[in-house]
Number of protein chains: 2
Amino acid sequence: MPRPTDHELFDLGDVVLQGGATLRGAQLAYKTYGTLNAEKSNVIVHPTWYSAWHDANEWSVGPGMACDPDKYFIVMPNQLNNGLSTSPSNTPPPYDGPNFPHVTFYDQVEVQHRLLTQKWGIESVELVLGSSMGAGQTYQWAVSHPEMVKRAAPIVGSSVTSEHNQVFLKSLRAALTADPVFDGGRYSPDALPTVGLRAFARIYAGWGLSQAFYWQREYRTLGFSSLEDFLVGFWEGYWLDERDPNDLLGMLWTWEHGDVGKTPGFDGDTEAALRSIRCPLLAMPAKTDLYFPPEDEVWASQFIPNGEVRVIPTIYGHFAGLGQNPADNEFIDRALTELLARPA
Amino acid sequence: MPRPTDHELFDLGDVVLQGGATLRGAQLAYKTYGTLNAEKSNVIVHPTWYSAWHDANEWSVGPGMACDPDKYFIVMPNQLNNGLSTSPSNTPPPYDGPNFPHVTFYDQVEVQHRLLTQKWGIESVELVLGSSMGAGQTYQWAVSHPEMVKRAAPIVGSSVTSEHNQVFLKSLRAALTADPVFDGGRYSPDALPTVGLRAFARIYAGWGLSQAFYWQREYRTLGFSSLEDFLVGFWEGYWLDERDPNDLLGMLWTWEHGDVGKTPGFDGDTEAALRSIRCPLLAMPAKTDLYFPPEDEVWASQFIPNGEVRVIPTIYGHFAGLGQNPADNEFIDRALTELLARPA
């Protein structure tokens with residue numbers, strides 16, 4: 001899947017990040033589907049997941065679906081660090097490559113908020129949804145802008161990144177940076193640390209899908225002829241496909257440090273942040289997800305006044321929320337349709 | 001934990017492996033507990049798990065326990081490749097280091113069989129038990145020598161290594177060998193690929209224990225002050241503690257290719273091999289094990305005429321079978337006591 005070019009760029013100007021650094025002349029890449037109505041009352045926001053570009057969200061959009069472009073104005077902002085928005089790979093010195101500053105989920109949502117308010121004058125959002133790191137951004141939207149978000153649907157994600165999930169991420173970082181070519185992030189774009197990226201791919205392969213997925217050799221349904229073909233053809237191919245290592249490590253940091261409790265005003269209190277969410281929030285973890293297990297969402301839900309958890313019954317593990325399996329897509333779409341039908 | 005020195009060595013002579021290579025002048029390291037009775041009717045065999053030496057099995061032995069040394073003669077053979085028995089790290093050229101041949105579970109059991117029959121004239125074994133790769137050897141004993149094994153108890157392991165489990169192992173290998181110091185296995189013993197080993201450790205940390213273990217910060221019970229302290233102090237410390245990378249990769253190969261169906265005579269038919277098991281076999285997977293999930297054992301059990309599965313109710317994941325948690329140890333010991341009390 002080549003890097004998409006069908007997006008637009010919004011000039012953010014200077015962005016002061018939560019950590020203190022200023023990204024000067026930052027840009028947010030986004031794509032929209034459908035038309036903003038005169039009342040500006042038909043907005044859906046759908047941020048991107050780890051390593052992905054906006055096109056990876058398109059499975060959720062279509063006539064007759066919950067995210068119907070004939071009805072809604074759907075905005076898909078690319079997260080900072082993903083290579084299309086301002087990222088290590090496209091920033092000039094001195095904040096280039098490994099010198100790029102850390103970005104939090106709070107920062108991600110603030111720049112998306114600027115896009116919506118400054119570009120279109122949008123004041124309310126019918127639904128924020130997102131998968132995986134997109135779910136982290138969804139939670140953040142609900143906590144950062146309760147005055148604006150009418151409904152939220154975090155899919156295969158969480159409000160705070162669990163320690164087990166962090167161990168996964170730390171193992172990815174350790175494998176990628178073990179490649180000598182990585183050289184502290186000072187590799188040449190013409191000679192990427194492919195040995196480290198292939199190790200990264202194999203680690204990810206074990207976490208991304210469930211035990212049952214592999215037991216049933218479900219990768220054959222996805223068009224792969226054997227386990228090794230799946231590991232090389234899909235997994236290694238994916239991570240070697242124009243995904244920049246410093247960008248990947250930037251997004252990894254955001255994910256690893258995900259916690260709505262870190263929103264200014266909550267002083268690290270995750271439960272208080274969850275209690276502050278005003279809108280209905282429908283969380284959809286996948287039954288067999290190894291790093292965002294349903295338990296994390298059940299835990300969070302107890303603090304959200306209008307929270308609900310609906311577990312996707314699937315063997316696709318984390319991939320259930322990434323548009324890979326028609327049955328899971330349908331489950332999610334039905335739930336989103338129901339959520340959008342609720343008065344808010 | 002330093003490498004133990006309280007073992008004995010049995011001269012195996014020349015060992016022709018299943019793959020065709022001959023290990024000349026091979027040795028099997030073992031330790032025994034208790035005394036062989038005159039009838040040679042009180043033997044228990046307990047092989048080692050991945051990366052471990054015999055001392056890692058000692059949690060299962062004690063007066064009043066199922067494996068009571070006042071009653072039984074307990075033999076703990078160290079698997080080939082573990083650094084005490086013949087291994088890449090202690091074999092002279094031409095089969096040294098990365099040139100060491102592949103060893104199967106079948107091979108492991110054949111050399112253990114030589115030890116029992118040639119050294120002591122043992123003809124029957126009351127119980128074979130083992131955890132993780134020790135479980136793989138337990139299944140292999142039951143298939144290779146049904147005439148000899150009276151009871152079998154594979155713990156947190158399986159009869160065939162699932163593809164999901166293989167992905168885990170492939171990721172470990174990819175991370176370790178990404179370290180340039182590894183150099184195709186030709187590293188100097190004085191300059192180990194520690195960057196690769198630390199990445200290896202972080203991958204293992206995510207798989208070895210469950211989501212709930214980390215969520216509850218159960219590592220504090222084990223004496224670690226934080227997640228990072230657990231990752232460095234326990235996990236990195238463990239893999240940097242005199243464990244040779246070529247030995248680790250040797251054991252990894254055995255594990256990855258585990259399948260009782262590969263026993264000579266079964267032509268790859270795993271189900272037929274399981275059907276051939278005559279003794280009672282009590283499998284004890286752990287409820288939260290991420291790479292040897294209970295499902296694999298339930299699958300195998302349906303083919304074993306006298307098979308039973310008893311799931312360890314635990315948040316310790318794979319570690320439940322490695323003697324780390326008193327409650328899990330008790331669960332296992334009770335089950336073993338009951339199994340040994342059954343007429344065979």
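These residue numbers are counts, starting from 1, taken along the chain as shown.
From the backbone N, Cα and C atoms, a Cβ is placed for every residue, glycine too.
TrEMBL lists A:66-314 with the feature domain 'AB hydrolase-1'.
Under DSSP, A:Ser132 (active site, nucleophile) is assigned to coil, being neither helix nor strand in the three-state scheme. Taking Cβ-Cβ distances under 8 Å and a sequence gap of 6 or more within the same chain, the neighbours of A:Ser132 (active site, nucleophile) are A:Trp49, A:Tyr50, A:Ile155, A:Val156, A:Gly157, A:Phe292, A:His318, A:Gly321, A:Leu322. The annotation active site, nucleophile is assigned in TrEMBL to A:Ser132.
Taken from TrEMBL, the feature active site applies to A:Asp289 (among others). Mapped onto three states, the DSSP output places A:Asp289 (active site) in coil.
Per TrEMBL, the feature active site maps to A:His318 (among others).
Model confidence over the domain 'AB hydrolase-1' (A:66-314) is summarised by a mean pLDDT of 97.
In sequence order, A:Val156, A:Ser210, A:Gly317, A:His318, A:Ala320, A:Gly321 are the residues of the chain that are 6 or more apart from A:Asp289 (active site) and have a CB within less than 8 Å of its CB.
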